[in-house]
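Going by TrEMBL, these are the annotated features:
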type: REGION; residues: 1-349; note: region 'A'
type: DOMAIN; residues: 28-185; note: domain 'Histidine kinase/HSP90-like ATPase'
type: BINDING; residues: Glu35, Asn39, Asp81, Lys100, Ser101, Gly102, Gln123, Phe124, Gly125, Val126, Gly127, Phe128, Thr175, Arg349; note: ATP binding site
type: COILED; residues: 505-532; note: coiled coil
type: REGION; residues: 567-647; note: region 'C'
Amino acid sequence: MGAMKETLGFQTEVRQLLQLMIHSLYSNREIFLRELVSNASDACDKLRYEALDKPELYEGDGELQIRVDFDPQARTLTISDNGIGLSRDEAIEHLGTIAKSGTREFFGRLSGDEARDAQLIGQFGVGFYSAFIVADRVAVVSRRAGLPADQAVRWESDGSGEFSVETVEKPGRGTDVILHLRADEAGGDGETFGELLSGWRLKSIVTKYSDHISLPIRMRREEWDKDKGEYRRLDDWETVNQASALWTRSRSEITDEQYKAFWSHLSHDGTEPLAWTHNRVEGRAEYTQLLYLPAKAPFDLMDRQRRAGLKLYVRRVFIMDDAEQLLPAYLRFVRGVVDSNDLPLNVSREILQESRDVKAIREGCARRVLGMLEDLAENQPEKYAGFWSEFGQVLKEGMGEDFGNRERIAKLLRFASTQSEGDAQTVSLADYLGRMKEGQEKIYYLTADSLQAARSSPHLEVFRSKGVEVLLLTDRVDEWMLSFLDAHEGKELVSVARGGLELGKLEDEEEKKQAEQVAQDHRELTEKVKAELGDAVKEVRVTNRLTDSASCLVSDEGDISGHLERLLKQAGQKAPPRKPILELNPQHPIVARLKDQIRRGEDGQAGDWSRLLLDQAQLAEGGQLEDPAGFVQRLNRMLLSISPPAA
Ligand SMILES: Nc1ncnc2c1ncn2[C@@H]1O[C@H](COP(=O)(O)OP(=O)(O)OP(=O)(O)O)[C@@H](O)[C@H]1O
């Protein structure tokens, strides 16, 4: 019952993808050939890998190759490979669904705006389904290596909603993808589908996109027929690409266009790479690395299941995709190839984890990537800014992950600050050091839930008045990162919301004495407020931190910050108990009045006022009140007592 034909429906996402792709990629239709050749090449790589253990899979045909052929009469274009092939089940699974992680999220982000979606789809990578850009019917005839000739599969679809599969015969292993070209109609580039049925045209597309493929891509040789005035196709096949893997060639022989084409092959990404580095490394570990920085974060960068890592080859033989051991996790946005001369061909993921060669490669790759970033930061700051906004959050993880390179990573960090404008993180630690005030000994920072909350934080008031810059940190990883960044270039980093205000030499002796005097003068007030607030605060004191606000909260040395406490709570984790210190601005009229009332013994409302000062401080740092209803009642009570309604 092998020949049984069945009809199946595409996964919803495939249907959506097909719909969208046919419309939005219309103007860049030639990429279908890149995708199909790329799949054919992957299929050959997989066969070569499986055959390491099972050489019989070659069935006497070890010369792996890709063929591109066309038939003008039938209006078909065929891409064939003698790679691993597909079984019937695999065809159903791989050519009817999308297995990529983040698929659902991707579809959720589509807007219905064709131009925007077209860009997104370029990022998503359309793969096999791009065949339907040019074809209104696609057949895939394939036999999995190792299966008998009568166990091949024929998959066919018109791309609307269903596909059929039936078991057929195929003597040679591997896959033929047969495209029935759409009826003629000029595309965005003025080319008709029929014009693809030309050896010259196909060759030019192959060289443009697939020259770097390491296997031979073959087409029928053509000869000029003088009498007929056209090309005549012969029966022998010629190789139309260079057929040597790009990374094995020397840098000087590779054009930027070729590097970019290889990037598209690696990433299936429509965007251009930001930068790349290509080196042959010799020494204890010998390998070639070709590493790319993407310009755009993939839509699933934050997806923990996401595949990441480099393609690993051993002496030109493809071993695996996404070998994450070849790069530290904080560089997981880098894509590329490592071709090792030392590893065994049968290397597995488990072996990779323990191998000392792999450790050397990982360190070598990390150094190269950091070098590439330093170069961008130094010489192409705009590109670096683009990189930072896409991947800065991930790079920050390196502060905790890569001790050996911590200094280098710290120099690559960029921050928002009281001197920067807008949301962009543009200030480096070097910029900050260069702008330090005379007598300033420390690097000041503030962490907050949002940039807006940071910018309006009362903690900044004294720094503003003294013209001292403060770094504003609002990313989720920042608190964690800061625990690995306590100093830079010998300057300590301190939070403006923790401990006593450490202005150092920014404050002269006179000011210090004055501050002590002020504290003395307000002892009665601070003691009373502390008594009213009881356990809600650790301490109450007056401060010279504030110029406009009445009060603020600070964390004691060694306690976690309010910001981190909120982050932990949001994440459903238990925060260590923390009691904030309430600081009062002695210059503020409310504080002055309360002091006065207490001095005169008219302190009937001191409890309400104390509470209000605490609540205000809580709100100003972006916190939430524990008892919002109580706050409202208290406030109303106080408002009424200040201005009684007119009789
Ligand atoms: N020529 C082929 N030979 C064998 N299997 C193939 C071939 N073309 C496609 N496939 C199978 O179909 C799957 C889907 O292909 P498709 O191009 O859509 O996505 P992909 O290659 O997995 O992802 P991406 O294109 O993002 O790398 C492949 O993973 C592979 O298993």
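Every residue gets a Cβ built from N, Cα and C, even glycine.
Bear in mind that TrEMBL entries carry predicted annotations, made automatically and left uncurated.
Tertiary neighbourhood of the coiled coil (505-532): same-chain residues 437, 439-441, 466, 468, 539-542, 544, 582, 584, 586, 591, 594-595, 598-599, 603, 606-607, 610-611, 613, selected by CB-CB distance under 8 Å and a gap of 6+ residues from either end.
Using a 10 Å radius centred on the Cβ of Thr175 (ATP binding site) and all shown protein chains, the other Cβ atoms total 28. For the region 'C' (567-647), the number of residues in each DSSP class (helix H, G, I; strand E, B; coil) is 45 helix, 4 strand, 32 coil.
A 10 Å cutoff on Cβ-Cβ distances gives Gly127 (ATP binding site) a total of 18 other Cβ atoms nearby, all chains included.
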